[in-house]
Amino acid sequence: MRPPKRPIQSVTAWVRRQPPKVKAFLAVITGMAVLIILRAIVNDHDNLFVAAEAVHSVGISVLIYKLMKEKTCAGISLKSQELTAIFLAVRLYCSFVMEYDIHTVLDLATLATTLWVIYMIRFKLKSSYMEDKDNFLLYYVEILADLVSAEVFTVHLLKEILMLVQLAPCAVLALGIHPTTSHHLINRIFWAFCVYLEAVSVLPQLRVMQNTKIVEPFTAHYVFALGVARFLSCAHWVLQVFDSRGHLLVALGYGLWPSMVLISEIVQTFILADFCYYYIESVFGGQLVLRLPSGVV
């Protein structure tokens, strides 16, 4: 006789059977419920942003532990780490010249550890780096190479163009849509650039997981920590806007910028929502290795 299922297993099994639209609806309802709970128990909503940065730091620490213990960087996207380092460096500069508070300290610590991860992947553990799987946007760059001249585009040049393809849209968007506060124009553009880049910096990591379909525990913990951090950051902005009755949007400036901040935060959250669902399902199912079905991330 089979033992009765635990309530969480029954709920997980029921959710798994639902169509994608129902799952998306349930995810939205769950997110709203969590926002209501956070609003009730967190007095200073700025603490949510601090918590988001702290969780990101914890995620990077898990990644460092993986690199030191297993001596392999398999499954980790170098491109995501480099994009993360870029937006953290820009945000750190903005924090120095515009705020200089606890966020500055947290960003500095996260940037230092991210640079260490990049160093380990590029030099110490280069032999285990899955470069063929870390191919976000490479397909489109290769098409461009074929159209122009296959001889002109070396492998190194392809990589450089790939990085520019990822950075250019964020830079162009920042030039057109940025804060209208009293800060210097360059600082406002940098602020917008790091917000936009942060929103898409995890895409190469998701591409690696999409290619491998199997995510080992430490990498899964790291990406889940990113998902939690993005949700807390999104919750911070949403609750701040709600509690200030829209006055925060006015303080951020006029035009499209206030809306773009919220959209960027929401995009970051939804990009990782699918993965976080399968991560939680895997944890409750007692699986050490996360296996992603086709079409995820």
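Just so you know, glycine gets a Cβ as well, placed from its N, Cα and C.
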### Query
Can you say which of 80-98, 137-155 is given as transmembrane segment in TrEMBL?
137-155
### Folded-back contacts onto the transmembrane segment (189-206), same chain, C-beta under 8 angstroms, at least six residues removed
76-77, 79-80, 83-84, 86-88, 90-91, 93-94, 98, 134, 136, 166-167, 169-171, 173-175, 177-179, 183, 223, 226, 257, 260-261, 264-265, 267-268, 271-272, 275, 297
### Query
Residues of the same chain, at least six outside the transmembrane segment (218-239), with any C-beta under 8 angstroms of its C-beta?
31, 34-35, 38-39, 42, 45-46, 48-49, 51-53, 55-56, 58-60, 62-63, 65-66, 70, 75-76, 202, 205-206, 209, 261-262, 265-266, 268-269, 271-273, 275-276, 279, 282, 290
